[in-house]
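For reference, the structure is listed below as structure tokens.
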Amino acid sequence: MDQVVLARAFFGTSLAFHIIYATLGIGLSFMVFLSELLHNWRKDRDYALMAKRWTKSMGILLGVAIPSGTIVAIQLSLLWPGFMKIVGQVISVPFEIEIFAFFLEALALSIYVYAADRLSPYMRVIAVFLVAVGATASAVLITSANTWMNTPAGFDMKPDGTIYHVNPWKAFFNPSFVDTAYHVVISALMTGAFAVVSAAAYRLLKSGREEEAIHRKALILGLVTAFITSFFTIFTGHDSAQNLHRYTPEKLAAAEGLFETTKYAPIVIGGFVDQKEQTVKYGIEIPYFLSFLAGNRFDTEVKGLNEFPRDTWPPAYVHTLFNVMVGIGILLFVVTAYSLYYWWKKARAGKPFPRWLLWGLAYSGPVSMLGIEVGWIFSCSGRQPWTIYGFQRTTEAATKAGNLGGLYILFSLVYLMLSVMVAVVLISYFKRNPLRKDLDLLKHVGVKPHGSTH
Amino acid sequence: MVQPIEPSIAILLVWLLLYIYSIAGSVDFGASFWAMVYADKNTRAGRIANRFLSPTWEVTNTVLVLLVVAFVGFFPKAAYILGTVLLVPVSIILLLIAIRSAFMVFAYSVEGYQKALRIISGLTGLFVPALLISALPVTEGGFVRRLADREILLFDKWLSSPSVYLYMLFGLTSELFLSSLFLADYSRESSDDEAYRLYRKIALIFGPVTILVAVLTLYFSKPEAQWLLLGLSRQKEWFALSIIAFLIAYVSLWWKDGRPRVAVVFVAIQYALATFAYGVAHLPYIVYPFMTVNEAFTNIDTFYSLLKVFAVGLALLLPGFLVFWRFFLKDKRYLQKS
């Protein structure tokens, strides 16, 4: 592999690995916060039990989230020194604020977990709320740096690469920041909700009647949250697409396989883009809709790839990534809406959910995570060949140091090992501490669900 | 023309963060090493180490990221050189940190393999400070060669230099000294006399050993670092004060049954003075002889934004740190939990 591709593959793997844990860190802490709220509002101990068990999984996941986040943060300087040279001068502010969000999350989480028995119920809710705030703020700040790469602002560059006219806050609030940050946060909350839906649906399929009540409560809490967040994920995704139209039109053109600039542009679903023949093969074409999507009017003029120099076209496969991302978003929303409708009409009266639906819901968590991964890959591949759109090519950003191949293999093996171990540790922990054990404790001894976790 | 003061403020802040992390990181990694050593032989000392680690390791880890982010933000051009040159060693450190943290968390949650997990997290953690400090001699000259388009690390020379190994040894002994001293104080705070006596004994051994290794490290400096030795010799007073602080700390451990809190404070002063003196001697270079502090300095508007964020962030989080400290380093209900 050539050096730049290798650096991209290496960093992409690190990010793909970290994103799983970072996303769940936001999503699950928010779910814990919701169940703590419900526990205090409804005085229903089942919700406290849920919070306790989800917190335990969060604690295990954080064992990987924190070191993998450290890896990503430092690897930026190792693999993209050319990029960080500009970042350091222009957009280091969000990185620094992010550290304080990271501190907030770490402090609040330790207090929530290890001082749980010394906190009043309301202090506990506040603690877990601060965990969610810290995790969310981290995501927002990193998104600021990422959107700045897509729509750079707040500086000028001389032909020799010297940076001048720097305005760090203009860089921070670059044109695509607000929309994208909204989309990133909402989709992370959605993924946390679907993680809960998945686990609850799976347990409903597998466990006996005595546990049914609590799993149903978890499922409904998850579904309601997922319904709202998946709706807003689509909504904000739409805003992000319009942003592409405004600021990086070649990315939208590549995503939709549009070559000629035109009004009344059609949208193509599925198929493969052939950049040589300038067509989309085997896709389903819906006339007029790309224009409508881009500007809310059918006569919106959408720029085609031919407007741009051939060597700045994003790769053809971003069309597929875009389709998968949008497809997953819509599918999840539809399934969630149907499940809630079913619950409202039938299941509320005591009728169980059909098994096929539960099986479908059991897969919603992993599918949602896949959507997140594909979305990020789309965002970053669609920016190629640029690292900083219009300013720095990826070839200029990448490290020139040798030894990348061996390190890439080594890191991939460690990521693989940690992923397997997380799964094993989670499964073995919850096998050793089944829900029944917690329920019995509640029933017979009346212990508070929030003891010390260790 | 008056020399701009901003680069000096920036490098002072970076050294300050480096100092904080070298202390906090040493205590953190050292504690997980002691938790491993005393996993079953002496359960109380092991339990004390784990009780300290559980809530604190994430916060300590964040300081490392803060240090790196501040360095890249204040001195992006130096980060460019060091990022290229240190790709392999820093990557190995990152892998060790990842394995150490993950295994430590896993060890809390599984039964059966706990011992193996603790041994791995204890050992990987032990070597992190030693490897981190081995980056210092790289900035002192002699290990980096400039090619037409990039700088490279002279691996063979780096790996075969006695000076580098002495630095590593200094990192290692400092880690064991600082962590045992801190845990002695933590045991005292927890009214655990048995653990206190054990950690005090270890600290009494590693204190003088660390001083000895530090002297040897300077003595065996490589020829390329003569400029630094010259600079260091101009800071004699600071080093003398640092040694005095160490002696006060050491004596306080013998005062009646020992005053570990006094010892911790004076050892912190000892390292602060030494770090400051080293930092001053290192000026004006960040990476000798390729880059000075002024050349590496960031855009000045970015510098002021970073400074503001720094001040506001610390002010906002200060109550959080205080609450944290009271919950886990002060509250008897936590410290004496069986």
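Backbone N, Cα and C atoms are what each Cβ position is placed from, and that goes for glycine too.
Here is what TrEMBL records for this protein:
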TRANSMEM  B:12-38  transmembrane segment
TRANSMEM  B:59-80  transmembrane segment
TRANSMEM  B:86-108  transmembrane segment
TRANSMEM  B:120-144  transmembrane segment
TRANSMEM  B:164-186  transmembrane segment
TRANSMEM  B:198-218  transmembrane segment
TRANSMEM  B:238-255  transmembrane segment
TRANSMEM  B:262-286  transmembrane segment
TRANSMEM  B:306-329  transmembrane segment
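Distant neighbours of the transmembrane segment (B:120-144): 22, 25-26, 28-30, 32-33, 35-37, 81-82, 85-86, 89-90, 92-93, 96-97, 99-101, 103-104, 107, 151-154, 157-158, 161, 163-164, 167-172, 174-175, 221-225, 227-228, 282, 285-290; these residues of the same chain sit at least 6 beyond its ends, with a Cβ under 8 Å from one of its Cβ atoms. Only residues 6 or more beyond the boundaries of the transmembrane segment (B:12-38), in the same chain, are considered here, and those with a CB under 8 A from a CB of the stretch are 44-46, 49-50, 52-53, 56-57, 60-61, 63-64, 66-67, 70-71, 74-75, 100, 104, 118-119, 121-123, 125-126, 128-129, 132-133, 174-176, 178-180, 182-183, 198-199, 202, 268, 271-272, 275-276, 279, 310. For the transmembrane segment (B:238-255), same-chain residues at least 6 beyond its ends with a Cβ under 8 Å from one of its own Cβ atoms are 181, 184, 200, 203-204, 207-208, 211, 232, 262-267, 269-271, 273-274, 276-277, 280. Touching of the transmembrane segment (B:262-286) and the transmembrane segment (B:164-186) is concluded from the presence of at least three CB pairs under 8 A, sequence neighbours closer than 6 excluded.
If one looks beyond the transmembrane segment (B:59-80) by at least 6 residues along the same chain, the residues whose Cβ comes under 8 Å of a Cβ in the stretch are 10-11, 13-14, 17-18, 20-21, 24-25, 27-28, 97, 101, 286-287, 291, 293, 295-298, 302-303, 306, 310, 324.
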